[in-house]
């Protein structure tokens, strides 16, 4: 096809040296879209560069060791001998997002099975729009609901203030439910019909077909959805910050106050002066978030490769 | 247990969970509306917030959110369209394209707070735009661009091959074919996606804390000169949006009716998102009908 195009272009050009109008307009259009794509590349490199340059300063020139940052238990940036142990925040981030995934994954996969295998009509007309709406609700609204419903509820049921990892996990699980459900639904829909028909023809019940054929076959895709959900939960800032309590230590129970990487950045970034050690340490936390994002994307890619090979 | 009874039990469980999720959403919406709608009044929607006394409104915040939305979309749509066109029409199957695809994926999975911090460092401080609507809009552009690229690319890919080939066969340049043949066909899908993306801008907060700021100056709604300092249309003034306001009221609100303000503002936010959702569906369908047969 390119050859014919080149031939056509050659005829149009005709060697008369005049620059044809349609070529000019093609050139302009191509230039414009190239510029847009170039911008994307510039943006991502500058994000990585700027955040890394700030986030690496504490390690490079301000005497904080990477080991202390990742493994240290004490976060006291304003003390006389400041300590920058971010392990409590790392723990908080992982605990809340994993808890959210543990709650949301079974619900989301069940919702997907409900929509594709059991009641497609109800699924298409009610559940799917409902899920899409859930995805559109702003995170601060989830935070508000968490603060005014879930936290008081937990305070009544369990000892403690009600804020903490459990509250954060519950709020996040509702927020990532749409991600998991959407990916799982797509995976289940794309399953060839012949596969299921074969199973039914052998006399298997619907649940046998689902549990031994549908779920194992689509497992990599389901995992992709779950990882995407965890990634979203890991980066979520405000809703978590509102319900987790923000205490810089590792909690002993799920209903004790805790903190995450995002919540501590949200709270402290505005109150520190730019360039100070405390401020730079917060940028290091942002750098950790950035690296985690790359890691999540990498895992998703690995899983997707498995989907293609299967 | 017999396979048949297991099947029946599991069917019951899954159907139960399906309805549970529907009930959960109904409860969530019901709670937000019942708690919030009572507090919504014309006064609440238009007056300025109070920091210590009761009776504050959300007027400037609501305006800021809408204005920020418009600014962001003005910047995002042309850039996203361009990059989307490149990805679906010009990109070859090679390493560079795979790399750009990876970039779009990574960019769309960055936590919004990281994008906000980047905005603080580069747009607010280095470019010297300060905490302003413009900084917020640019940060949200970073945030929304990958979404827009994906929407455009998918919409263009759904256009039948023959349409494109017909355009090329008529001797139109590739660019002309894209802009005059393919874009109109994919317009309904693009518009629907864009409205949904706009809904996300409306509710976004974390990226705005550090770029658009957490305060709104006294606005003079009779002054529409965009260069004046107190003019609502000035894009270089700090602006607190509705979502940021909800967060602030909840975490450090001193007004005695902070809880009601949060409830009312949350209801406004959710109703707006609902309208965006329904509007996107309706508008996309109407546009499709108009562009295909009803002309």
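One is the number of the first residue shown, and numbering goes on along the chain from there.
Cβ coordinates come from backbone N, Cα and C, glycine included.
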Can you identify, from A:163-188, A:241-266, the stretch that TrEMBL calls transmembrane segment?
A:163-188
Suppose I define contact as three or more CB-CB distances under 8 A, residues 6 or more apart in sequence; do the transmembrane segment (A:163-188) and the transmembrane segment (A:89-114) meet it?
yes
The transmembrane segment (A:31-52) and the transmembrane segment (A:209-231): do they have three or more Cβ pairs under 8 Å, with pairs 6 or more apart in sequence?
no
Sequence-remote contacts (6 or more beyond its ends) of the transmembrane segment (A:281-303), Cβ cut-off under 8 Å?
47-48, 51-52, 54-59, 64, 69, 77, 84, 86, 89-90, 220-221, 223-224, 227-228, 230-231, 234-235, 261-262, 264-265, 268-269, 272
